Amino acid sequence: MEFPFDVDALFPERITVLDQHLRPPARRPGTTTPARVDLQQQIMTIIDELGKASAKAQHLPAPITSASRMQSNRHVMYILKDTSARPAGKGAIVGFLKVGYKKLFVLDDREAHNEVEPLCILDFYIHESLQRHGHGRELFQHMLQKERVEPHQLAIDRPSQKLLKFLNKHYNLETTVPQVNNFVIFEGFFAHQHPPARKLPPKRAEGDIKPYSSSDREFLKVAVEPPWPLNRAPRRATPPAHPPPRSSSLGNSPERGPLRPFVPEQELLRSLRLCPPHPTARLLLATDPGGSPAQRRRTR
């Protein structure tokens, strides 16, 4: 695939790795360096054209690879250039491979759901005129070494029949594990996968959470505290030297002393008459201007 600018100068290496920042690779010493904005624009043009060519080859309604998608996702793109062909001294692009990590729910051979985050093949394209020349295997092998993964550990997003034949021919990937999504995984995918931790659904909070562990909960199940007021700790008071006698009545408090005997009303009034008045009461009667001795006798 040719472009109106110098691809060989833009991509010094045979295989260039681009991330979401789309930064131009380091320039060779002694080469003319255009403005950085122009270099990034050229990279975006290459990515857009490669995405359109890949969508056309796979009969997709719209490209799944573009510069805007690369900038908004944490994907990695491997671009292979043709070092032998230099039309008009500008170089050419052979193809590309786009990968990225994704969280997936996949089924194993026992049809159990597993939450994994494998490296996924998201898009793969080699120019039609350069296929069956070993370029695809070279690009794929470079990606495996760079990402440090094995072919059976990959998940492929909507692979074409050409890609499935390619993987079967070069990496002996044939037996697939049926899935309910658009990703394809092969036998041996779970060989190096750690078993996922079983997560229980969160429970609705009921009241305050008590700060004790599960072992403390088991202990509390054995030693159940009695209800109030039986759970109140008794007060340790110093017993008196001569404790008062307790009443045998069930309605009286055990701490209350014996009641005084009942006094008849007539005897109570007689004792009040014989009781001498208080000095303060005498003073009030003496200072009362309207009170006569006769009236005081009648009121008494």
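Placed from the backbone N, Cα and C atoms, the Cβ positions cover glycine too.
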Completion exercise
Which range is region 'Disordered' per Swiss-Prot? Of 28-48, 133-153, 280-300, it is 280-300
Completion exercise
According to DSSP, Q58 (site 'Crucial for catalytic activity') sits in coil
Handout entry: Around the Cβ of K56 (N6-acetyllysine), the count of other Cβ atoms that are within 10 Å
Key = 12
Exercise for the section: Could you round the CA separation between K146 (N6-acetyllysine) and G136 (acetyl-CoA binding site) to a whole angstrom and send it over? Expected result: 15
Completion exercise
Same chain, |i - j| six or more, Cβ under 8 Å of G136 (acetyl-CoA binding site); the result in sequence order is G95, F124, I126, F166
Problem - Tertiary neighbours of L167 (acetyl-CoA binding site) (same chain, Cβ under 8 Å, six or more apart) - result: P151, I156, P159, L173, F186
Practice task
Measure from the Cα of Q58 (site 'Crucial for catalytic activity') to the Cα of every one of the binding-site residues H127, L130, H133, Q161, then give the nearest.
Solution key: Q161
Practice task
Other Cβ atoms within 10 Å is the metric here; tell me which of the binding-site residues H127, H133 scores highest.
Solution key: H127
